[in-house]
Amino acid sequence: MMRVVFIGTGDFGVPSLEAIALDGRYTIPAVVTQADKPLGRQKEVIPSPIKRTALKHHIWVFQPENINSAGSIQQIQFLKPDLLVVCDYGQILSKAVLEIPSIGALNIHGSLLPKYRGASPIQAAIMNRDKETGVTVIWMDEGIDTGDILMSDKLLVRSTDTAETLHHRLAELGARLIIQSLEAIRAGKAPRIPQNNALASYAKKIKKEQALIDWTKDRHEIDAMIRAFNPWPVAFTTVWIGGEKKILKIFKVIISHRAKGMPGEVVRIDRHGILVAAGRSGGLLLREVQLEGRKRMHAADFARGARLAIGTVLGQKDEQ
């Protein structure tokens, strides 16, 4: 029976781990994941989604601070894996780790490589308004998402997709793809297709400050940004309320062709939400927002409670 050590941390890899664990043709001697970390305002120490999944299936969990240390390498060698399957782990694997398995190391990546190598391929696909994206399983090498392609599959990006919804669908696709990849390896029919580096692009790790909305941009571009940054870091603007500049997070909008005003100007407030003008033409109807220190709510309720006036310009440095 093929021995597969699964290496991952985030929930993108959960469906893949579940699929391998439930497939009787493979055994998982261990799951390697990042150390438990404090999360949220309460700083409660919470195990990773991969650790929780592993424990549910009674799989031994190994949580090294550094997977490339001599001790970690020795521990993984002791497991005698045929394959490493890596997904959303959070550490770069050294050549010494990649050489441990008898067959090789596979990585499940949320894009159609060589497009969007790096940390944020799902957000990049939405921000760039791509019509399709997908998942690629590669044979790992020492580069960042540069290994030979074993298998890939695509799906359509919906105009309403957020990073959360697209993440979920790609994770499910990844699970189907890793099982097909393992089957191909078992049958001795697993290809190694070199990536075309001339077509490579990179999706760097997202920083919170990137989520500040520039209202001079096109309404479609702003809409894509809002969807790409939901649920994290969440697109935001600023609004002056009672003489104070506050941060307003924006979760959901509807593209409008009828907004006329300067970029960021509130041109209409009604039960449907807050209509804000964008650059070039048209605007966005804000539907779900969250003022700093408050709960997420319908934009109409926020406008009423904050006494937001038509003509207010969002994103202004100084009060009007």
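Backbone N, Cα and C define each Cβ position, glycine as well.
The (6S)-5,6,7,8-tetrahydrofolate binding site annotation in Swiss-Prot covers Ser111, Leu112, Leu113, Pro114, and the record cites sequence analysis as its basis.
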### Summary
Ordered by sequence, the long-range same-chain Cβ contacts of Leu112 ((6S)-5,6,7,8-tetrahydrofolate binding site) under 8 Å (at least 6 apart) are Glu132, Thr133, Gly134, Thr136, Ser152, Lys154
### Message
What are the sequence-distant neighbours of Pro114 ((6S)-5,6,7,8-tetrahydrofolate binding site), meaning same chain, six or more residues apart, C-beta distance under 8 angstroms?
### Response
Asp145, Thr146, Gln195, Asn196, Asn197, Leu199, Ala200, Ser201
### Task
Note the Cβ centroid of Ser111, Leu112, Leu113, Pro114, the recorded (6S)-5,6,7,8-tetrahydrofolate site, then list each other residue of that chain whose Cβ lies within 8 Å of it, in sequence.
His109, Lys115, Tyr116, Arg117, Pro121, Gly134, Thr136, Asp145, Ser152, Gln195
### Summary
Taking all protein chains shown into account, the Cβ-based neighbour count within 10 Å for Ser111 ((6S)-5,6,7,8-tetrahydrofolate binding site) is 25
